[in-house]
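K.L.:
Structure provided below as structure tokens; questions to follow.
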Amino acid sequence: MSNQLLDRVVAEIADEMAQRADRGEVASYIPQLARVDPKAFGLAVIGADGHIAAAGDADVPFSIQSISKVFTLTLALGKAGDRLWRRVGREPSGSAFNSIVQLEHERGIPRNPFINAGAIAVTDLILSGHQPREALGEILRFMQFLAGDSSIAIDEAVAKSEQRTGFRNAALANYMKSFGVLDNPVEYTLGVYFHHCAIAMSCRQLAMAGRFLAHNGQNPSTGLNVVSSERARRINALMLTCGHYDGSGEFAYRVGLPGKSGVGGGILAVAPGRASIAVWAPGLDAAGNSHLGRVALEGLTKRMGWSIFGV
């Protein structure tokens with residue numbers, strides 16, 4: 001891969017996105033997110049050699065929201081291994097990210113770790129044996145370690161905004177608790193969940209944190225193994241099939257990469273063996289995924305030939 005080509009493609013895509021009028025709708029159900037500039041756009045791509053191609057608002061922190069679920073899943077698998085799958089499934093949901101319908105049919109077991117119910121169950125596992133502050137600190141330190149940046153922090157205003165308005169998540173958690181899926185007090189688990197979703201990162205930081213998924217579980221800069229190659233492959237598989245909720249099929253069809261979105265407008269995508277990619281555009285589509293983020297990634301994979309399904 002030519003770094004010059006990548007730099008040019010990333011700059012071109014940022015310029016093209018700046019001209020687009022179809023930006024989607026900024027999330028409004030979390031009041032603090034509704035204040036974000038809808039015209040913001042950032043893109044950062046980190047290659048195997050550590051070269052970073054960045055453009056637009058790539059260094060502006062934003063609320064990563066559900067993208068944090070990739071990292072809590074990684075932590076939980078490190079703690080519990082395959083025992084985690086007794087609490088949560090691995091199938092696409094086909095429903096909205098905050099739907100309670102399938103929990104009713106499947107006795108409180110969430111379909112996958114990336115819908116809200118699944119991520120709450122994963123958070124509960126991380127919390128077990130810890131105080132909420134300790135569990136949250138572990139998650140934040142893990143993110144800082146992966147990104148190599150201790151300045152990454154939680155946006156308390158966003159966390160409090162979610163706590164004040166997160167009634168659907170409270171319903172999901174209480175419903176799972178009634179089936180014995182959650183071990184800890186619901187308010188503790190939700191507190192940790194709301195706070196890790198409120199971690200703020202830039203595209204550059206997020207792309208750095210995701211590098212291990214692009215390189216068989218290893219950080220290529222340090223040579224340190226974060227997870228085994230098998231576990232990295234399986235996390236990527238879940239990102240491909242479940243990472244964009246009921247828009248996951250469309251994302252796979254158009255972009256062809258494992259990816260995880262968040263309602264803050266971010267997407268973390270993985271080009272295995274090639275690059276870790278983070279894009280941010282706050283306007284969302286009907287499924288709650290970044291509209292221009294997906295468009296930008298589709299352009300990137302086409303021009304670079306990065307789709308996992310072929311050129």
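Quick reminder: no glycine exception, Cβ is built from N, Cα and C everywhere.
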K.L.:
Which one, Ser28, Ser66, Ser307, is listed by Swiss-Prot in the same substrate site as Asn116, Glu162, Asn169, Tyr193, Tyr245, Val263?
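P.N.:
That substrate site, as Swiss-Prot gives it, pairs Asn116, Glu162, Asn169, Tyr193, Tyr245, Val263 with Ser66.
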K.L.:
List nothing but the one residue from Tyr193, Tyr245 whose Cβ has the fewest other Cβ atoms within 10 Å; the candidates are the binding-site residues.
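P.N.:
Comparing Cβ neighbours within 10 Å for the binding-site residues Tyr193, Tyr245, Tyr245 has the fewest.
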K.L.:
For Glu162 (substrate binding site), just count the other CB atoms lying within 10 A of its CB, please.
P.N.:
23
